[in-house]
Amino acid sequence: MKKLSSISTALGSFLLSVSFSLPTFANINVSDLTQKLPEGSNVGFIAKNINQNQIIADYNGSTFMLSASTQKVFTAVAAKLALDDQFQFETALLSNGKIQNGNLDGNLIVRFTGDPDLTRGQLYSLLAELKKQGIKKINGDLVLDTSVFSSHDRGLGWIWNDLTMCFNSPPAAANIDNNCFYAELDANKNPGEIVKINVPAQFPIQVFGQVYVADSNEAPYCQLDVVVHDNNRYQVKGCLARQYKPFGLSFAVQNTDAYAAEIIQRQLRQLGIEFNGKVLLPQKPQQGQLLAKHLSKPLPDLLKKMMKKSDNQIADSLFRAVAFNYYKRPASFQLGTLAVKSILQKQGIRFGNSILADGSGLSRHNLVAPKTMLSVLEYIAKNEDKLHLMETFPIAGVDGTISGRGGLISPPLVKNVIAKTGSLKGVYNLAGFMTNARGEKVAFVQFINGYSTGDLESKTKRAPLVQFERNLYNELYKY
């Protein structure tokens, strides 16, 4: 019995020494740090030491909140799993006719597949291939094949008053110059006079209105409103103070098919190719002999731009491209939701009652808990050797959307924190990684919703956020 007691005592001493040799993880007191934020702000935060497989902070980690552009993390992982790195968006010219004596006897089919980076210049170069093949006249119709996508070209829950803004341009199958154009306003007029609106000739768009220059008494109460009419016509209303230099306003294209068709016809004329047919917009995929094609940059390049610059067009184009490739049918935003969830759930990601309405995070319908986003970050960390996604995250103080993030641009956070941002009105989110003082990888998710500083000037309204993030991530670094 004495011998057994000695063994037991020795074993207890050994276990005690082992327990003291392991690192201890006291949860970061996020609650106290949130006192720096404006009253009424809602915060969800969760962090995990990846090396130690230990949650080191959890404050409202299970609460559903607006994910904003951190949603692009879901899109990036799903795209990596559903599409290979050689994936490229293809814009193609096809025909069901024959080329003879300088004539294309048949329809010209232009197949768009949602290339979010297609430019007017690239489209012109593509159409110029027809001229190189000796085509001088098209004896048929212009057929736009946009069948890769279906239903609306905007997600459910996109704010109506943002729909004319270029960051909200429809990520349609036919997407030229991000489906964005600009008009120039000359308001160097006397009070009461009408502002001159000029649309550059390359845009097949009409912008009109009765905007007037206001005097100094009325100017503080002025605002400009845009009303969208059919056939890509825009009416600008309101007033503004006198501006001594012309300035530009950017608008989102509303009817993307009509916009693309008009640009194609103009470019055919510029190339000296005669066309007098109709424009057809069939719902079904069109077949024909390939005449020429243009390819976008490959998937890794698209993802890097999407993540670094928070490019909404790329995100939502990939969102539906994933669905098209996954289900082999025309993709709506709703089908994109099903595809992304299905792909990630197969990797063990649990969405529960989460709502995913789009790939960009623009929708106010999106509801995600910090712990769900954290599970995707964990998946990235564990599979980075094949995903290569960490290199796409913005780097604090270096590039992307956190190059100037006030709370992260000083040591030890600068060049250390990598994170996808998420911003809507009242929303300041981060989802990413950092290396702590011991050299261990830490994944974190910060969701701040309902952030409002009332009437504070824009220069000072972020001061509480900067202080909160500086304190929080310095604490996280110590753990």
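Positions of Cβ are set from backbone N, Cα and C atoms, glycine also.
Annotated features, as they stand in Swiss-Prot:
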type     : residues : note
SIGNAL   : 1-26     : signal peptide
ACT_SITE : SER69    : active site, acyl-ester intermediate
ACT_SITE : LYS72    : active site, proton acceptor
ACT_SITE : SER310   : active site
BINDING  : LYS420   : substrate binding site
What does DSSP say about the residue listed as 'substrate binding site': helix, strand or coil? strand
Between LYS420 (substrate binding site) and LYS72 (active site, proton acceptor), how many Å separate their Cα atoms? 8
If you measure between the CA atoms of SER69 (active site, acyl-ester intermediate) and SER310 (active site) and round to the nearest Å, you get 7
Cβ-Cβ under 8 Å from the residue listed as 'active site', same chain, 6 or more residues apart: which ones? SER69, LYS72, GLY400, THR401, LYS420, THR421
Enter the number of other CB atoms within 10 angstroms of the CB of LYS420 (substrate binding site). 30
